[in-house]
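According to TrEMBL:
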- E147: active site (ACT_SITE)
- C104, H146, H150: Fe cation binding site (BINDING)
Amino acid sequence: MAIRDILKMGNPALRVRAEPLIPPFGDEVYQLVQDMRDSLEAVGGVGLAAPQIGISKSLVIFEVPADRIQREEGEIVEGVPSTVLINPRIEPLSDDTELGWEGCLSVPGLRGLVPRHTHIRYSGLGLNGREISVEARGFHARVVQHECDHLFGILYPERMTDMRYLMYESEVQAFMEDLRAKSEPARDEI
Ligand code: NI
């Protein structure tokens with residue numbers, strides 16, 4: 001078990017475009033994944049990219065608990081099991097985007113409203129070297145887009161379209177309550 005330090009925004013290693021990994025994957029890659037899992041578990045996040053621990057390789061891990069996925073009508077809500085995705089590619093399956101709150105272990109203490117594609121297909125290799133191809137929506141799609149951005153040296157604030165919605169975690173709840181309170185009279189009029 002090795003918990004690695006997570007690099008923070010400003011560290012040049014977070015700006016580098018990650019290199020692809022060539023299968024078959026050996027002990028070095030297995031050890032990297034184990035260190036990333038240990039590091040993620042220690043801080044309680046939903047995803048981590050290898051560059052965040054200073055390894056400039058095209059590998060991300062993520063895990064989305066069922067209660068984090070928005071319920072869609074008629075859809076069975078299931079969690080996304082712990083996934084290792086190597087050399088990923090993302091293809092949007094719709095032009096639709098939506099805003100959602102994101103945080104990042106490399107940008108601790110802050111949250112921002114970020115537009116992301118609502119429906120994507122992601123593909124790449126699993127740890128066993130086999131091709132993965134998965135269709136994802138909503139929060140699942142958001143997590144994958146966020147993690148894969150790290151492989152191109154992009155952090156979520158750069159995806160934001162309105163920097164007024166970058167704020168401290170402690171302010172988000174009050175901000176949302178304020179927003180709801182302000183929009184209530186308008187709803188009452190309908
Ligand atoms: Ni991140």
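FYI, residue positions are counted from 1 along the chain as it appears here.
Backbone N, Cα and C define each Cβ position, glycine as well.
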Listed in sequence order, residues with CB under 8 A of H146 (Fe cation binding site) and six or more positions away:
G47, E102, C104, V114, R116, Y156
What residues, ordered by sequence, lie under 8 A Cβ-to-Cβ from the residue listed as 'active site' and sit at least six positions away in the same chain?
G47, L48, A49, V60, I61, F62, L85
Looking only at C104, H150, which of these binding-site residues has the biggest number of Cβ atoms within 10 Å around its Cβ?
C104
